[in-house]
Amino acid sequence: MNQGKIVQIIGAIVDVEFPRNNVPKVYNALKIDGTAIILEVQQQLGDGIVRTIALGSTDGLKRNLIATDTGHAITVPVGTGTLGRIMDVLGNPIDEAGPITYTDQWEIHRNAPSYEDQASTTELLETGIKVIDLMCPFAKGGKVGLFGGAGVGKTVNMMELINNIAKAHSGLSVFAGVGERTREGNDFYHEMKDSNVLDKVAMVYGQMNEPPGNRLRVALTGLTMAEYFRDEKDSSGKGKDVLLFIDNIYRYTLAGTEVSALLGRMPSAVGYQPTLAEEMGVLQERITSTANGSITSIQAVYVPADDLTDPSPATTFGHLDSTVTLSRSIAALGIYPAVDPLDSSSRQMDPLIIGEEHYNTTQRVQQTLQKYKDLKDIIAILGMDELSEDDKLSVSRARKIERFFSQPFHVAEVFTGAPGKYVPLKDTIRGFKAIVDGEYDHLPEQAFYMVGNIEEVIEKANKMTA
């Protein structure tokens with residue numbers, strides 16, 4: 001048994017001295033005698049001293065306490081026993097529902113699947129949210145980022161996606177709450193419980209009030225549980241299709257920044273850790289699909305000060321298949337979900353994947369919206385009357401499209417009083433195609449606001465004129 005003693009404690013950082021010929025490896029977990037605290041080795045400083053980060057509060061620790069090297073990285077329970085349970089970063093239950101019965105324990109630091117093991121798919125994942133399905137469709141087994149500043153609706157959009165996809169999806173889901181509000185974690189738990197899909201969801205939380213070590217590692221804990229479901233073959237010899245929700249990737253980066261500063265590394269641009277790209281890559285490269293099973297991940301990404309060029313969101317962009325950008329200016333118009341249709345993108349936007357009709361409709365919608373955007377300055381200075389008849393028509397259609405992008409959410413029913421709407425992709429394409437074709441030029445634009453499919457628009461317009 002390899003034992004050392006604590007020689008220094010600075011906040012969440014603990015230095016431990018071991019015999020020089022028996023120094024623990026980086027990422028090894030150390031247990032401190034008489035406590036439940038786990039330390040993770042981050043650096044080897046020489047002379048047998050290792051610098052570690054504490055996963056938990058360091059209150060009550062003192063020098064000369066004995067720390068034992070476990071000989072491996074942090075392990076967490078995996079398997080069906082984790083479903084319906086809320087766990088912390090170490091896989092300990094925090095829902096007061098008794099111990100977790102697990103089939104196996106896996107280390108949270110793992111290699112990404114090799115290049116030949118990876119598989120790609122072109123199958124679309126329908127979300128029932130019009131603006132997403134039309135402008136930035138998701139791929140099954142792909143990675144999606146929800147980008148947005150403070151208070152534009154990332155978590156509400158995430159909850160609606162969980163509501164629409166996880167409930168319809170017969171597979172399993174893992175939710176990793178990384179540095180977010182405890183209230184949101186609680187809301188999510190009750191949302192799943194009320195909709196009877198709790199037994200298909202594993203929840204891992206490292207919330208805002210926890211030390212940086214917990215927030216940094218909780219995303220890896222959730223990912224490890226998802227990887228087990230993907231890789232573990234069932235009776236048919238196949239793994240499962242798993243949904244992985246991470247809220248919020250920015251807090252993962254921020255926890256890394258805190259740890260990096262505590263470890264004494266020189267900060268890089270905007271104060272971020274110099275290892276930002278590598279840390280992001282280590283997490284994102286593991287979120288992938290293999291021939292065995294798939295992981296479809298939906299990640300919320302906070303954008304500091306609404307600046308998409310900030311190093312944290314900018315580093316995340318390169319790893320994603322679809323990006324959904326939420327805009328404060330669209331939220332200010334009262335259009336929810338506040339997705340910016342011209343700033344959101346998807347690698348699936350190819351006529352060979354989504355079909356000619358969908359592709360052409362999307363292109364025409366984008367052209368109409370772009371034309372309206374270009375004309376906004378002229379309208380602001382000279383007014384609508386100075387526009388040509390063609391331009392007036394384009395502006396009218398663009399405003400209808402903008403309003404038709406809004407829709408009532410199931411998860412927002414309690415606030416709005418309007419029942420949520422799930423719109424199938426074929427109805428979405430049909431509706432927007434009809435608008436750009438000019439079939440509804442005679443209807444008032446208010447009729448397009450906060451409805452589901454195009455039939456509801458006609459019904460609403462009839463009520464308004466009645």
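Cβ atoms here come from the backbone N, Cα and C positions, even for glycine.
Record features (Swiss-Prot):
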- Gly148, Gly149, Ala150, Gly151, Val152, Gly153, Lys154, Thr155: ATP binding site (BINDING)
Cβ neighbour count within 10 Å of Val152 (ATP binding site): 25
Reduced DSSP assignment, Val152 (ATP binding site): coil
Cβ neighbours of Gly153 (ATP binding site) where a neighbour is any other Cβ within 10 Å: 20
CB within-chain contacts under 8 A for Lys154 (ATP binding site), separation at least 6: Leu146, Phe147, Gly148, Asp247, Asn248, Ala300, Val301, Tyr302, Leu326
Additional residues around ATP, ordered along the sequence, whose Cβ is within 8 Å of the centroid of Gly148, Gly149, Ala150, Gly151, Val152, Gly153, Lys154, Thr155: Tyr302, Leu326, Ala331
Protein Cβ atoms within 10 Å of Gly149 (ATP binding site), excluding its own: 17
Winner by Cβ contact number (other Cβ atoms within 10 Å) across the binding-site residues Gly148, Gly151: Gly148
Under 8 Å by Cβ from Ala150 (ATP binding site), same chain, sequence gap 6 or more: Tyr302
